[in-house]
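**Q** Pasting a structure below so you can have a look.
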Amino acid sequence: MNENISSESCDPLPMQSTVTLNVTDKDVYGEDTYNPFEHRNVLHPTSTLGSFFHLLKSSLGSGLLAMPAAFKHTGLIPGCIGTALVGVIATHCVHILVSTSREICSHCRVSSLSYTDTCEKVFKHGPHNLRKYSQIVRHFADYAMAGVCLGGTSVYVIFIASSLKDICDHFNPNYTFTVKEYCGFLLIPLIVLTQIRHLKFLVPFSLLANICLLLTFVITCIYTFSDLKDISTVKLASSPTQWPLFLSTAIFAMEGINVVMPVENEMKKPQHFLGCPGVLNVTMVLVAVLYAVLGMFGYLKYGDDVKGSITINLPQDEILALTAKVMVATAVYFTYCLQMYAPMDIIWSRIKDSMKQKFHNIGQIILRTISVALTVILAVAVPDLELLIGLVGAIFFSTLGLFIPIVVETVHKWDRDLGKFKYILWKNTLLLLFYLLVLVSGC
């Protein structure tokens, strides 16, 4: 029987209670008779290998094409070190989120919790003076998730517009438009595409997008790894004042935390997700290596002339290169509607009860139209692909991938066990300072 994960399950301790949970409380740490894994009843569970590919797909996207531009802001040596650093921090934040979710599942005696459910229940069963904020935290996590998707789709608009401009300028050099104008041209096609409301109808678009993106990566690598320049033509290390843009770009590229909990919750053997080697560690090591390799060699190939997407640097007069630009524009266009699915679902679930049933259809149309318009407006406001990726990574992706997991673990451990010398508190303080560095300097 499926476990109930609604907000009514596992009522918190009464406010007047003086019970303090500690490391010896077996129920909190899943050592009691209740094991969440034994109570999961997933209709179509995912194999360990399948979960690996799902997580890999979520972390490998258009951000990979932006890594050479990120290396431009650091140079080769800090770029490689920074990629490893961001990879370690992103992996750790996913680890603490999943671990905390499992512990609170054991305590609440439920089989699984989503990202937002975890945030809510950690506060609901945390320190007494924080329990009243559980619903606020849930809403914050929901809107942070929506912000990641909306911010990411704004980047997609620039990706498509930049690729279209590059293609059209080649075929019609006498009639050129700016990137902003191409963003405007995309408004109607994107609105039409986003009106698809059921996930099953998006499957063909997802398949086409994945094929196009894979072929684009292959073609890009063919150009990137041929006729490389001498290492003396690029910077080994740039000025530290430029490094923040690298950090926010790398976080944008690597963060896939919004799909972590769904992947872990639907695994046939969820115990294989964490640990060594584990699905998470293997995936993130592979992702970090791929990003570092493409970033380093892409920067070696094009130097300081590398663009926000390396596909824009490909030759304009070669069929293979033009094919790659058409395919990446097609892939990102169809990925746009997939990325818009989650925020539309979150926002609609918040507002649908405030209107009559007969207005639901027109309400959905208006909501989706306004949301697409907002992503296009943001793209027009920041038409530089590098800067927009940095801005979205600094604000949205770092909040969802760094800030929330840090806070959730700290609150969960506060009355339980902060470790020897309260090392968890000190560790999370350092991570919080890193988040603030990315947020402020990136913006």
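From the backbone N, Cα and C atoms, a Cβ is placed for every residue, glycine too.
On a predicted model such as this, the values are computed, not experimentally measured, just so you know.
Grabbed the feature section from TrEMBL, which reads as follows:
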type	residues	note
DOMAIN	44-441	domain 'Amino acid transporter transmembrane'
TRANSMEM	140-163	transmembrane segment
TRANSMEM	175-194	transmembrane segment
TRANSMEM	201-225	transmembrane segment
TRANSMEM	245-261	transmembrane segment
TRANSMEM	273-299	transmembrane segment
TRANSMEM	319-338	transmembrane segment
TRANSMEM	359-381	transmembrane segment
TRANSMEM	387-411	transmembrane segment
TRANSMEM	423-442	transmembrane segment
**Q** Under 8 Å for C-beta pairs, could you tell me which stretch among 140-163, 175-194, 273-299, 319-338, 387-411 has the largest tally with the transmembrane segment (245-261)?
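**A** Stretch with maximum Cβ contacts: 387-411.
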**Q** Mind checking which residues reach the transmembrane segment (387-411)? Cβ under 8 Å, same chain, six or more beyond either end.
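**A** Hits for the transmembrane segment (387-411): 63, 66, 89-90, 93-94, 96-97, 99-100, 118-119, 122-123, 126-127, 130, 140-141, 144-145, 147-148, 150-152, 154-155, 158, 244-245, 247-253, 255, 257-258, 308, 378-379, 424-425, 428, 431-432, 434-435, 438-439, 441-443.
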**Q** Any contact between the transmembrane segment (201-225) and the transmembrane segment (175-194)? By contact I mean 3+ C-beta pairs closer than 8 Å, pairs at least 6 apart along the chain.
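**A** No, these stretches are not in contact.
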